[in-house]
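Going by TrEMBL, these are the annotated features:
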type     : residues : note
ACT_SITE : Ser101   : active site, nucleophile
ACT_SITE : Asp252   : active site
ACT_SITE : His279   : active site, proton donor
DOMAIN   : 27-269   : domain 'AB hydrolase-1'
Amino acid sequence: MTITHRLPLDGGHVMHVEEHGNPAGLPVVVLHGGPGSCCSPLLRRDFDPAHYRIVCPDQRGSGLSTPAGSIEHNTLADLLADLRLLRAHLRIDRWLVVGGSWGATLALMHALDAPEAVAGLLLRNVFLARPGDIRALFAGALQHDGPAWRALWDEAGRRRSPVTVPIAEVFAHGTWERQCELTRNWFDWEQRLATGGAAPPIDEAMLPRLVARYRVQSHYLRHGCWLDAPSLLQRCAALPAVPTLIVHGTQDALCPPEGAQALAQVLGAPLQWAQGAGHDPTHPAIAAAMQQALRDYAATQAFGFNAAAP
């Protein structure tokens, strides 16, 4: 069963939301990554639809939400307000919050912003949005495809700014051709990190969606995802005590495993290593860990786990 909502937000945004599964099941909200990606069918395939009411919102400017790629009125504070509005609209008192990568970041901030709303946290391949995490990502891109990224690094050096500033300005003010060029380079680099293989070809229908995605993502990264001070780890010391499980690939090159260890220590939460997995949520080890966690939660509203060294 699928129910679609178009929820008006402030600033001219409209949030696209899909509900799947059992309307009388355990409520769960699935938070996609990026920022700027979408709540694709891949993100809900680990759920048993007989047991869960699966709520899948596309965040501002992302997926089928409109206007696509908009960075106006689009901040972390806006996304948190949107989740409060969505929960009230659906008349859900508390929900399990599941998020991967940036979605895990947003899940943690939602738990801090609305602790009364969160029944549990299932976090995959967590992104902590630390300045070093962001800097390392683009430093690797420079090594992978030097000419495509060198001009951006040089521009950042001249301006004495992080490289995210000229990247974001390409997507905010650059020509369409320049945005498409940078999109192709970024997508290729990101896919190599996430999956270890070459990126699939980008067709003409896919390209505008990817440009919109990276416009939103570069906007958030330029601003440190609004998590510079205090850091996300520092904020997480105040998280409510709810059932929490972290699942992380031991070979994740986009979100280093060290970050998952640091978060688990702050939260006092179990960390389930997905052996041999990177950032790809479809990797068998990650999928198996997520499916088991969701079966456990459906049965007991808690998580069982088998920890292993990374």
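Every residue gets a Cβ built from N, Cα and C, even glycine.
Positions of the features from TrEMBL, shown on the structure.
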residue : record                    : CB count, 10 Å
Ser101  : active site, nucleophile  : 24
Asp252  : active site               : 27
His279  : active site, proton donor : 25
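Taking the domain 'AB hydrolase-1' (27-269) as a whole, pLDDT averages 92 in the prediction. Cα separation, Asp252 (active site) to Ser101 (active site, nucleophile), rounded: 11 Å.
Secondary structure at Asp252 (active site), taken from DSSP and collapsed to helix, strand or coil, is coil. Spacing of His279 (active site, proton donor) relative to the residue listed as 'active site, nucleophile' is 8 Å (Cα to Cα, whole number).
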